[in-house]
Amino acid sequence: MSRRAAMQVSRLFNSTSTISQGSTFLKSTPMLGNRHRSSMASQDKAKSGADGKDDRGIVSSYWGVTPPKVRKDDGSPWPWNSFRPWETYTADTSIDVKKHHEAKTLMDKIAYGTVQALKYPTHLFFQRRHICHAMLLETVAAVPGMVGGMMLHLKSLRRFEQSGGWIKALLEEAENERMHLMTFLEVSQPKWSERALVIAVQGVFFNAYFAAYLISPKLAHRIVGYLEEEAVNSYTEFLQDLEKGLVENQPAPAIAIDYWRLPADSTLKHVVTVIRADEAHHRDLNHYASDIQCQGHELKEYPAPLGYH
């Protein structure tokens with residue numbers, strides 16, 4: 001056998017050995033094996049879906065781990081993916097909705113003046129269209145908690161320190177405001193002009209609030225405190241028009257009944273009442289956060305009021 005032929009035979013044996021080792025590796029590695037089986041199962045289910053059957057089983061598991069089936073107390077399936085039963089609560093409607101933080105310092109006056117300047121254009125645009133006004137309000141109100149929580153999260157990582165629970169408290173606020181929006185979307189759908197306004201306002205407000213939080217967190221929290229005061233006032237006007245019959249007091253959406261644990265026969269008036277209570281809690285939370293920092297302390301020194309709903 002020539003030297004060249006011997007080298008070709010040697011290469012052939014080496015490639016065969018490599019294939020054998022690769023096959024052994026695939027068989028002995030559970031993760032890769034599961035991934036292969038999962039992909040094949042997805043293809044099989046996709047084919048069955050093409051035949052007119054329900055193909056939602058394709059994404060029902062993650063690497064072989066099937067999500068638990070959540071049910072209500074009566075045994076019926078839990079219908080919501082946006083929240084779970086343990087995230088629901090009964091709103092504290094006994095909170096004082098008329099409380100107001102007096103603007104005495106220069107910082108407070110700047111914050112109060114900023115909110116008042118933002119209030120009039122929205123009132124002029126929406127007039128007495130309370131539901132549309134509420135939807136815009138919630139798209140803005142859900143921004144500060146997310147920005148504040150993100151900034152505190154990064155600060156905690158950067159300084160290797162705990163946050164006193166304030167990260168979670170602010171993210172809870174943002175999530176609660178988002179659920180207000182999800183509730184009103186069940187009642188009315190925004191027009192294209194209102195959707196465009198939301199995109200514009202959110203883009204401007206997010207960046208402006210982010211800059212404000214970088215410069216002065218206590219000013220940022222004070223602005224939100226006053227913003228929530230105006231939200232309470234807006235929902236109070238909403239309730240007054242519901243009582244006068246100027247707005248139809250329709251049945252409460254199912255998502256609101258489950259989220260706030262309301263009676264089955266609740267109406268829009270009950271929904272607006274619990275949302276107003278939420279806004280009053282957000283008002284107090286942000287004024288409290290600003291007061292802590294105005295007195296020269298950091299938020300982490302005072303435990304956050306978690307579960308304040």
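Start at 1 and count along the chain as shown; that gives each residue its number.
Note: Cβ is positioned from N, Cα and C throughout, glycine not excepted.
If you look up TrEMBL, you'll see 24-59 marked as region 'Disordered'.
What TrEMBL records for 44-57 is compositional bias 'Basic and acidic residues'.
Annotation source TrEMBL lists Fe cation 1 binding site at Glu138, Glu177, His180, Glu279.
Same-chain residues at least 6 positions away in sequence with a Cβ under 8 Å from that of His282 (Fe cation 2 binding site) are, in sequence order, Ala141, Gly145, Glu173, Asn176, Glu177, Val224, Glu228, Ala231. The Fe cation 2 binding site annotation in TrEMBL covers Glu177, Glu228, Glu279, His282.
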Entry from the binding-site residues list Glu138, Glu177, Glu228, Glu279 having the most other CB atoms no farther than 10 A: Glu279
His180 (Fe cation 1 binding site): tally of other CB atoms within 10 A of its CB: 26
